[in-house]
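*Asks:* Sequence annotations record features per position, and here Swiss-Prot assigns DNA-binding region to 188-207 based on similarity to another entry. Taken from Swiss-Prot, the feature nucleoside 3',5'-cyclic phosphate binding site covers 22-141. As annotated by Swiss-Prot, domain 'HTH crp-type' applies to 155-228.
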Amino acid sequence: MTGNQMFCRENELDESFKQLASYINIPVGVLLPFKSQCFVRHYNKGQIVYYSSDETTHIYLLLKGNIMRENFNLNGDVYRYLNREKVLFPLNNLFQDKVPNEMCTALTDCEMIGIPRDLIEYLCKNHEEIFVKLFSLLSETQCQHIEYNMALTSKLAKERVTKILRYLCQTVGYDHDEFYEIKHFMTIQLLSDMAGISRETTSHIINELKEEKILFKNSKNWLVSKDL
């Protein structure tokens, strides 16, 4: 690696550290002594971040891009959770040995900083403000998961798709006054997989929402009216 490359990597890590410190509301100086234990990585679209959350020793802050986290239970059911930049994951790995089985995939090109799990646990024990922030983030994540799981209990297909779209607007959508924008990674097939209904049925429902002027396509992005 050349001197210029090393300088760029160092600057990249410094900038990522600032974003991490800002995200968990602490001075960047608290984190700097641990910089050598962390890394910044780029993942290409479709690349696996980790195959199983019980194998990863790090917690990640997603700096750019979108990811999908798939949780598998003992019955073989799959729950898919999507995230966009500025999310810390997997938080349910903290302070416990047995963790849910989860796989993480980059839906778009991504950039993230990895922090050792035991370092996060150490910082939580020694800095109350970090513990409070992470507890708040974990509670918010749990509420989002409950909302998604409740959407899956809807018996009517259109109601289920509509509720999942509302959930996606809150978790991966960008607020634009009267509508939310969901980036181009969203597809009929992915929405169908998340809803647990056929692609054909999902496509029919999406066409209905377009006719009702609730959902629009802008290039490859989805625009969802707040009247949904």
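From the backbone N, Cα and C atoms, a Cβ is placed for every residue, glycine too.
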*Asks:* Same chain only, sequence gap of 6 or more: which residues have a CB within under 8 Å of the CB of SER22 (nucleoside 3',5'-cyclic phosphate binding site)?
*Replies:* VAL28
*Asks:* Sort HIS127 (nucleoside 3',5'-cyclic phosphate binding site) into helix, strand or coil using the DSSP assignment.
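*Replies:* Its secondary structure by DSSP: coil.
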*Asks:* Looking only at the domain 'HTH crp-type' (155-228), what is the mean pLDDT?
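*Replies:* 92, rounded to a whole number.
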*Asks:* Mind giving me a neighbour count for HIS127 (nucleoside 3',5'-cyclic phosphate binding site)? Other Cβ atoms within 10 Å of its Cβ, every protein chain shown.
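*Replies:* There are 15 of them.
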*Asks:* Should MET112 (nucleoside 3',5'-cyclic phosphate binding site) be counted as helix, strand, or coil on the basis of DSSP?
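*Replies:* DSSP call for MET112 (nucleoside 3',5'-cyclic phosphate binding site): strand.
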*Asks:* So, by DSSP, how many helix, strand and coil residues make up the DNA-binding region (188-207)?
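*Replies:* Tallied per class, the DNA-binding region (188-207) gives 17 helix, 0 strand, 3 coil.
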*Asks:* Determine the minimum-neighbour residue: among ILE67, LEU82, MET112, listed as binding-site residues, which Cβ has the fewest other Cβ atoms within 10 angstroms?
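*Replies:* If we count Cβ atoms within 10 Å for the binding-site residues ILE67, LEU82, MET112, the smallest count is at LEU82.
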*Asks:* When you measure from the Cβ of GLN37 (nucleoside 3',5'-cyclic phosphate binding site), how many other Cβ atoms are you left with inside 10 Å?
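*Replies:* I get 13 for this one.
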